[in-house]
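Peer 1: Okay, these came from TrEMBL:
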type	residues	note
TRANSMEM	69-87	transmembrane segment
BINDING	GLY75, VAL78, ASN82, ASN340, LEU469, SER473	Na(+) binding site
TRANSMEM	99-120	transmembrane segment
TRANSMEM	141-169	transmembrane segment
TRANSMEM	225-246	transmembrane segment
TRANSMEM	258-278	transmembrane segment
TRANSMEM	301-322	transmembrane segment
TRANSMEM	334-355	transmembrane segment
TRANSMEM	457-483	transmembrane segment
TRANSMEM	495-514	transmembrane segment
TRANSMEM	526-547	transmembrane segment
Amino acid sequence: MPKNSKVTQREHSNEHVTESVADLLALEEPVDYKQSVLNVAGETGGKQKVAEEELDTEDRPAWNSKLQYILAQIGFSVGLGNIWRFPYLCQKNGGGAYLVPYLVLLIIIGIPLFFLELAVGQRIRRGSIGVWHYVCPRLGGIGFSSCIVCLFVGLYYNVIIGWSVFYFFKSFQYPLPWSECPVIRNGTVAVVEPECEKSSATTYFWYREALDISNSISESGGLNWKMTLCLLVAWSIVGMAVVKGIQSSGKVMYFSSLFPYVVLACFLVRGLLLRGAVDGILHMFTPKLDKMLDPQVWREAATQVFFALGLGFGGVIAFSSYNKQDNNCHFDAALVSFINFFTSVLATLVVFAVLGFKANIMNEKCVVENAEKILGYLNSNVLSRDLIPPHVNFSHLTTKDYSEMYSVIMTVKEKQFPALGLDPCLLEDELDKSVQGTGLAFIAFTEAMTHFPASPFWSVMFFLMLINLGLGSMIGTMAGITTPIIDTFKVPKEMFTVGCCVFAFFVGLLFVQRSGNYFVTMFDDYSATLPLTVIVILENIAVAWIYGTKKFMQE
């Protein structure tokens, strides 16, 4: 200790030695908080003292275990997009080649941004509003923006859970109600519904039976009472899961986060045993390397990384705020990010194993229909029997035989061929039909499951998985709304949470009108993309230039 320090001087003086720590501190010169390293953006000492007191959150709820916390983050980040968005992007952007830019951008962009949100939530132990207000009071609006985006997304996201609830209850019957077109009976005459016959049974059921959709967004058509009840059930489930905060939602996460993996594993095993599953998987992962040079592929990969991890919503910050400040968030960021990636790849395998099976079924149906056309032309002497290869047997016509017959007819009857109306019936064409979003879950996948043995069981499992995936994401979305508001305004937790659910249900009636699907599509396309991008950019600016990167990493 320096000889000129006050304590040393007192030891050599005749003054009474102060034994109290409080007295020792009182004898020291006051600390200039304006010069303190904890002062941000020129805060005064009094304000900084308040900020320090706000970090003293010993009474804040905490996760029961590290596993519960990790499952909560996985449940929030792994959602419906992993099931119906990632496989579509993978197919559209070069198959297996798309995984390279996705993985590169996950490491360069995804994990650092995810770590940033984990770290600030864990260090400051507040929701999004409190976190950014602590960094700089002028940036508190970032947290409010996150809350508004969460509200917009939660309004329509829970409608999708409501749709899944509807299909879930409809799955408890055999045959499944979307397996066949409805028959209209007029006395003794039975006619298949013309609109259904032109499209497909699953498409007709989705648009006419489930949604009862109007012709345009301007035609409200009134409430769809079936979907209104399902929306009420969905908000009731979410409300019960989040009403007690992490005490209730943490327990729900054990099931809602793990059950989808059980279902995906079951579907993968079942899918690989289906005829044509390998065709779908090979088509999916056959790399088109030229796509890797397309900037659009990298842009879409970056967008998917950005939204797959739930960045900017405030849910990640809210969940991490219930952690201890010494928790290893570096490890958490990498673990959750790679589990998210693994889930996307697993879901892609499942989706294209099932769609490969469906493509084979549809291709065989195409061959049968066109073979009947050719037989009709042969019987009416439009085509000569000399055009049919001798080994072709119309009773057991294979895809290869039809392809050979099609090529001969197209070559010989080149001028008249377009008038014949024959289709090539190529498996590749069926596999190339890109399907995403609700079209994948409620049309393509449901149609494939009608061909499964014990189809009601698989349908129940599939839609129960969608409900749980949606529930995990909704818990995180609700945490992005309730945690910052409760922390900032000290409102009663249970009352405010129930009030949010009731309010959201009534506003959500917009989406269960007969025109509701148009509003869901509009909100999905426009309500979050640009706002979340701006939010995350501002979060980076706040940490890197206002708070300071070095200080951030030290803390």
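The chain as shown is numbered from 1 upward.
Glycine is treated like the rest: Cβ placed from N, Cα and C.
Map these features onto the structure and tell me what's around them.
Peer 2: Remote same-chain partners of the transmembrane segment (69-87), defined as residues 6 or more beyond its termini with a Cβ less than 8 Å from a stretch Cβ, comprise 63, 157, 160, 246, 249-250, 253-254, 256-258, 260, 284, 304, 307-310, 315-316, 319-320, 322-323, 332, 335-336, 339-340, 343-344, 347-348, 351-352, 436-438, 440-441, 466, 469-473, 475-477, 479.
Cβ environment of ASN82 (Na(+) binding site): ALA308, ASN340, THR343, SER344, ALA347, LEU469 lie under 8 Å away, each six or more residues apart in the same chain.
Counting same-chain residues at least six beyond the ends of the transmembrane segment (99-120), those with a Cβ under 8 angstroms from any Cβ of the stretch are 90, 131, 135, 292, 297-298, 301-302, 304-306, 308-309, 311, 316-317, 320, 329-330, 332-334, 336-337, 341, 345, 536, 539-540, 543, 552.
Listed as Cβ neighbours of the transmembrane segment (141-169) (distance under 8 Å, sequence separation of 6 or more from its ends, same chain) are residues 80, 127-133, 210, 226-227, 230-231, 233-235, 237-238, 312-315, 317, 438, 441-442, 446, 459-460, 463-464, 466-467, 470-471, 473-474, 477-478, 480-481, 484-485, 504, 507-508, 510-512, 516, 519-520, 523-524, 527-528, 531-532, 534-535, 538-539, 542.
Counting residues 6+ beyond its ends, the transmembrane segment (334-355) has Cβ neighbours under 8 Å at 70, 73-74, 77-78, 82-84, 86-87, 90-91, 99, 102-103, 106, 110-111, 114, 261, 264-265, 267-268, 271-272, 274, 277, 280-281, 283-284, 308-309, 431, 435, 440, 444-445, 448-449 in the same chain.
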Peer 1: Show, in sequence order, which residues other than GLY75, VAL78, ASN82, ASN340, LEU469, SER473 on the same chain lie with their Cβ within 8 Å of the centre of the Cβ atoms of the Na(+) site.
Peer 2: ILE74, PHE76, SER77, GLY79, LEU80, GLY81, SER257, PRO260, THR343, GLY472
Peer 1: Rank 225-246, 258-278, 457-483, 526-547 by Cβ pairs under 8 Å to the transmembrane segment (301-322) and hand me the top one.
Peer 2: 457-483
Peer 1: So which one is it: of the binding-site residues ASN340, SER473, which has the fewest other Cβ atoms within 10 Å?
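Peer 2: Looking at the binding-site residues ASN340, SER473, the Cβ with the fewest others within 10 Å is that of ASN340.
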Peer 1: Check each residue in the chain of GLY75 (Na(+) binding site) that is at least six apart in sequence and keep those whose C-beta is under 8 Å from its C-beta; list them in sequence order.
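Peer 2: Result: MET253, SER256, SER257, LEU471, GLY472, SER473, ILE475, GLY476.
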Peer 1: In sequence order, which same-chain residues at least six apart have a C-beta under 8 angstroms from VAL78 (Na(+) binding site)?
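Peer 2: Those within reach of VAL78 (Na(+) binding site), by Cβ under 8 Å and sequence separation of 6 or more, are SER257, PRO260, ILE339, ASN340, THR343, LEU469, GLY472, SER473.
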